[in-house]
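A quick write-up on the structure given underneath.
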Ligand code: AQP
């Protein structure tokens, strides 16, 4: 099918309740921008979420909450397709085909699995967690996505997607678009506020190291003010020598659209306290309406569910076509002759 716009696809897990600042700056901001230039598909990946144990009632609530936060961030259901992954069964169906194309050794090399399974212990880590990246391959290929907006931590999974698309195309004939990662260099990795050598993450960060967008704004402001920096006073972007200040400058620059050299000039001789105080005010100004918009969507679950049902319908139309093509190429008999 000829497309007049490139396709984009990305997914986010409904696992933590609130999204954090890393999710927003690393990925969701790009989702919003790409609605303007791409035929964009965004999905709340509940199938991925159950690779670790989930309480059913919480998972259901968090799926709506994730969708509400995406809409509050600026996704417009008239300009993109927003849906819940489990509403489109083709994801699991193509996931199986991709499982059968992936080498066991190849899957074993995925660093995110190695990290997460090491934390949980081999006996508690599920086979689902092991095959997580392969389901992600199916998510992307089903929509013939050209670009996948993600944070840096997902680069290896997008490489696997490219490898499997090439492998399938080589073995069965041209079927899938080979996607490219869409990672914004400046914000691809937002760091933990207490340990600016690790990424801000719901599983690895301490409560003081992570800014949850739905927290009380004054709690988030306090976290910015007590972010770990260094013993100097000079405000300069230097990721190696000054990771804490560099992380704050990145956050400041992205939230305000001010270039980092301009911030360095503006804060010359002013010390870290001034930068932290002003950044905390900027954050409060940004999260306050975000929280309100999220609450408005949640207050009307009927409308939210309608948006998601319509999104699933649009997504299925594309996914079913790709799955039928892939099934045919693999050699499955058609269900309807
Ligand atoms: N710190 C980050 N900087 C930039 N981008 C980030 N992302 C996550 N953390 C950062 C990006 O957010 C998107 C959604 O990711 P997800 O649904 O897979 O959430 P996650 O990766 O599970 O989030 P966490 O906090 O990183 O969870 P854990 O600790 O469980 O691994 C992705 O595009 C991701 O790159």
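Keep in mind that glycine also has a Cβ here, set from the backbone N, Cα and C atoms.
Curation does not apply to TrEMBL; its annotations are automatic.
Lifted from TrEMBL, the feature list:
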- 13, 14, 15, 22, 23, 151, 152, 153, 190, 199, 200, 201, 202, 203: ATP binding site (BINDING)
- 139: L-tryptophan binding site (BINDING)
- 199-203: motif ''KMSKS' region' (MOTIF)
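On the structure: features taken from TrEMBL.
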| residue | record | contacts (Cβ under 8 Å, 6+ apart) |
| --- | --- | --- |
| 13 | ATP binding site | 44, 45, 46, 48, 49, 66 |
| 15 | ATP binding site | 49, 52, 54, 62, 202 |
| 23 | ATP binding site | 12, 151 |
| 139 | L-tryptophan binding site | 9, 11, 43, 45, 85, 91 |
| 152 | ATP binding site | 26, 183, 188, 189, 199 |
| 190 | ATP binding site | 21, 22, 25, 26, 151, 199, 200, 247, 250, 251 |
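The helix, strand and coil residue counts that DSSP assigns across the motif ''KMSKS' region' (199-203) are 0 helix, 1 strand, 4 coil. Cβ neighbours within 10 Å of residue 200 (ATP binding site), excluding its own Cβ and spanning all shown chains: 26. If you compare every pair of Cα atoms in 13, 14, 15, 22, 23, 151, 152, 153, 190, 199, 200, 201, 202, 203, the residues listed for ATP, the longest distance is 20 angstrom. Across all of the motif ''KMSKS' region' (199-203), the predicted model scores a mean pLDDT of 93.
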